[in-house]
Amino acid sequence: MAGAIIENMSTKKLVIMGVTLLLFQAFAFMVGGLIAPSPTTAVHYLATKCVDTVKHRQETKWFMPWGPDQCDKIRTFDEAMAKKIEANNIVFAVHIPLSNKEMSAWFQFMLVILQFDIAFKMYNQIEDGALVTIDVGLAYRDDTVSEWTEMAHSYEQRKLSCNFTTTKTFENEGRYYECDLLPFMEVGSVAHKYYLLNIRLPVNERKKVNVGIGEIKDIRLVSIHQNGGFTKVWFAMKTFLTPSILIIMIWYWRRITLMSRPPVLLEKVILALGISMTFINIPVEWFSVGFNWTWMLLFGDIRQGIFYSMLLSFWIIFCGEHLMCTDSTRFNRMSVFLCLTICTTTMAFIIVAGICACLYFLFLCFMVFQVFRNISGKRTSLPAMSRARRLHYEGLIFRFKFLMLVTLACAAMTVIFFIISQVNEGHWHWGEHTVEVNSAFFTGIYGMWNLYVFAIMFLYAPSHKRYGDEQSSGQCITGDAGANSGEDIQLTTTITHVDGPTEIYKMTGKEAQE
């Protein structure tokens, strides 16, 4: 009887392999928790109010908040009114990064969030559905003496969502609204050292532009970028893991092609999983350090979406294959449809994706429960076998059960990782060391995916011990202990094609002896 490596490999070797993978998994978590810094850094900026005294300017002038070429400033809008400075002549200037610092290509991206400080006035309240029109310009340079080069210029609108928590009375004038953060801009590649934002709030009462938005006092920005130290650790992991998965994938498929039969569904899905893992592993991000590739964020999202789709599909098909002679064809078709629907939803809505991820995990738990229940029902056939054969199948059942539990644990960690990655970063203190929780999750889960794919391709590769023309990817024990006695128990090994389970061979009586 031929089979996969998981069926024929000795217990001692399996234990050694499991311990080795566990050590690599622990190392992956430690790399992120103890070596890498936090994945991202958030820097807060308060915009400086500059005054543009020249009307109908032909060329673009950039206003610096500090330095030798700093602009003419005002502290408050009351000062502007006293000096008869119009709102259209006020420019909010923000220099990124702060003084005496530089941006770096290792930061990978820059996300900027906007927040308004709006004071309550009885005769200038925020109207329902108020829109803020923003005239924003972005410039860059790579040293402190060069002229600024325009990178982007746009007119944007943002809807205000503010709440005044106290009573709207004259006594409470001057208190601030509680306003939600607003998405402002995202730069897909941090290719320059210095960036300058000039923001205007043009007012046109006739066209109702920036009317009914309250009394804006200040503009605050939060710039979020990836930490350079984390980027280097992340790139190093990708560089190390890429050849590992690529080599095991080539080795796995070579073993499949050596068989006389064509590959079955599970073997094709395992190969597809290996390809998607290799695709997300390839460290093309190295090029983003030397080239201004602003599409890298989109490319990364596409790669991650493909891998998630393949991983979730694989888990459902993998569990369906191990339902051992139940109506697994119907299960597979339904579950693949469900899985692909969940993946598509994940890219569209984060909240809905979180709910779908939990539903997916519950469905996967249900399938594993079905597998375990089916296996328990088939165990009644084991006492009729010879001792050697019974021990063999009990060992196989234990191995498949253990692999199911590992699969379930990986799915649970993936769902937890998705939820954790959406909340604020945190760190723990462990003696003299600071453990970066988010970094540990990023590197640990990424390492877990690679180790899991590696293990699946290795364990489900055809065993070299006993090759034959008819090999299987899973076993199913059938028969009735009451109707059969001694060695007259019937054993059936099946593989699953698109059209459903196909019987490979049947062994009865002495033919079933190993």
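Cβ coordinates come from backbone N, Cα and C, glycine included.
A TrEMBL annotation is a machine prediction, not a hand-curated record.
Feature list (source: TrEMBL):
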DOMAIN    48-226  domain 'Wntless GOLD'
DOMAIN    227-345  domain 'Wntless-like transmembrane'
TRANSMEM  233-253  transmembrane segment
TRANSMEM  265-286  transmembrane segment
TRANSMEM  306-324  transmembrane segment
DOMAIN    347-464  domain 'Wntless-like transmembrane'
TRANSMEM  396-420  transmembrane segment
TRANSMEM  440-461  transmembrane segment
Beyond the flanks of the transmembrane segment (396-420) by at least 6 residues, Cβ under 8 Å
6-7, 14, 311, 315, 318-319, 322, 353-354, 357-358, 360-361, 364-365, 368, 371-372, 375, 379, 437-438, 441, 445, 448-449, 452, 459, 475
Give me the mean pLDDT over the domain 'Wntless GOLD' (48-226), rounded to a whole number.
89
Per the Cβ under 8 Å criterion, with at least 6 residues separating them from its ends, the transmembrane segment (265-286) contacts 108, 231, 234-235, 238-239, 241-242, 245-246, 248-249, 252-253, 256, 296, 299-300, 303-304, 306-307, 309-311, 313-314, 317-318, 321, 332, 449-450, 453, 456-457, 460, 473-474, 495-498
